[in-house]
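Data block below; observations after.
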Amino acid sequence: MTQNGLNTDIRTDWSLEEIKAIYNKPVLELIVEAANVHKQYQATGEVQVCTLLSVKTGGCSEDCAYCPQAARYNTGVDVHKLLQQEQVLASARRAKEGGSTRFCMGAAWREVRDNRDFDKVLDMVKGVNDLGLEVCCTLGMVNEYQAERLKEAGLYAYNHNLDTSEEHYDKIITTRTYDDRLGTINNVRKAGISVCSGGIIGLGETDEDRIGMLYTLSTLEQHPESVPVNALVPVKGTPLENQPRVSVWEMVRMIATARILMPKTMVRLSAGREQMDVTEQALCFLAGANSIFTGEKLLTTPNPDFDQDKAMFDLLGLSPRKSFKEETLPQTV
Ligand code: SAM
Ligand code: DTB
Ligand code: SF4
């Protein structure tokens, strides 16, 4: 099996049946297996610390049923146009001071357009890169040329989530297709940018849907370098406002299965930490999560602040991962 042109035992040929068998193991057995894979392939005890900033908030044309930023739902989100470069850099500096090594800028866009705002985002990418942070963006769909321009500006990673399985997808989003999503991921990959793609649980999907999404991610030609696992943050005014909260065991099952399928990938315990206590988060780290978002806000919803997370790191003996660390090292064991 080759990945990055190297011989490794990283598999991209998982079958649905194999994934189902892993996902459905007794949960404690699953955690032990994932912890073993984690130990073999990752520096256990190291957690990547990322910070999000919404550089353009709300007013989005899409109908993503979970999203507080879709213009068609009344969520009371504080809509604003593209931030100024200085505001973004000030926020990036604060993130760095708070111990963050990756700074991710999000825009409530359906897709990138070749206009002045994109030029400004390219400047933001340059500016944040100059601060020595890994820069990530999540701006919606991008074409090949736009991905290349982002890469030239110094973009390190691009986030574009599959969100759910192909089967469940049209119950959540109707204004763009699963293939559109895969196309963007492909464009990002071709431009040589690190791929960040995962999804959300708690959207009313079945276990089969969760397994299906993991199947798509783990059978891409090359695994994403990072896979965010978000728990739905139900926001009042969205169609999913009354969805029940996902249990920690569902998060653990998702994270552990992702870890076993994609051993070298950073698995991010993303949205939903605000509702989890330290014990629950510890279970997720044990199951193979090795990345989080810090800072008091995700894009529009609350998140534990730097101090709370510092206390959690101290308690659990975790340390922040250094920036620009090779994400797909050749296997040495
Ligand atoms: N507009 C761009 C897009 O859709 O790709 C970028 C921003 S969008 C808010 C980024 C991701 O945030 C979504 O794909 C989704 O996975 C996640 N997200 C949005 N709202 C969420 C919520 N309420 N709970 C959990 N995750 C959410
Ligand atoms: C990801 O998978 N989760 C982040 C990031 N990528 C862009 C976003 C979570 C958003 C949660 C809802 C909000 O704060 O608006
Ligand atoms: Fe728009 Fe992105 Fe929210 Fe969908 S997830 S409504 S594309 S901001």
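Each residue, glycine too, has its Cβ placed from N, Cα and C.
These figures come from a predicted structure and were not determined experimentally.
Annotated domain 'Radical SAM core' per TrEMBL: 45-273, in sequence order.
The feature [4Fe-4S] cluster binding site is assigned by TrEMBL to Cys60, Cys64, Cys67. Listed in sequence order, the residues of the same chain lying 6 or more apart from Cys64 ([4Fe-4S] cluster binding site) and placing their CB within less than 8 Å of its CB are Ala70, Asp163, Ile172, Ile173. A coil conformation is recorded for Cys64 ([4Fe-4S] cluster binding site) in the three-state DSSP classification, outside any helix or strand.
Sequence-distant contacts of Cys136 ([2Fe-2S] cluster binding site), defined as residues of its own chain at least six apart whose C-beta falls under 8 angstroms from its C-beta, comprise Cys50, Arg102, Phe103, Cys104, Met105, Leu155, Tyr156, Ala157, Tyr158, Asn159, Cys196. Under the three-state DSSP scheme, Cys136 ([2Fe-2S] cluster binding site) falls in the strand class. Sequence annotations record features per position, and here TrEMBL assigns [2Fe-2S] cluster binding site to Cys104, Cys136, Cys196, Arg268.
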Cβ neighbour count within 10 Å of Arg268 ([2Fe-2S] cluster binding site): 25
Length of the line joining the Cα atoms of Cys67 ([4Fe-4S] cluster binding site) and Arg268 ([2Fe-2S] cluster binding site), in Å: 19
Between Arg268 ([2Fe-2S] cluster binding site) and Cys60 ([4Fe-4S] cluster binding site): CA-CA distance (Å): 25
In sequence order, those binding-site residues of Cys104, Cys136, Cys196, Arg268 whose CB lies under 6 Å from ligand 3: none
Contacting binding-site residues for ligand 1, chosen from Cys67, Cys104, Cys136, Cys196, Arg268 when the Cβ sits under 6 angstroms of any of its atoms: Cys67
[4Fe-4S] cluster site, defined by Cys60, Cys64, Cys67: further same-chain residues with Cβ within 8 Å of the Cβ centre: Glu62, Asp63, Tyr66, Pro68, Gln69, Ala70, Ala108
Cβ within 8 Å of the mean position of the Cβ atoms of Cys104, Cys136, Cys196, Arg268: remaining residues of the chain near [2Fe-2S] cluster: Cys50, Arg102, Thr138, Ala157, Asn159, Ser226, Pro228, Ser291
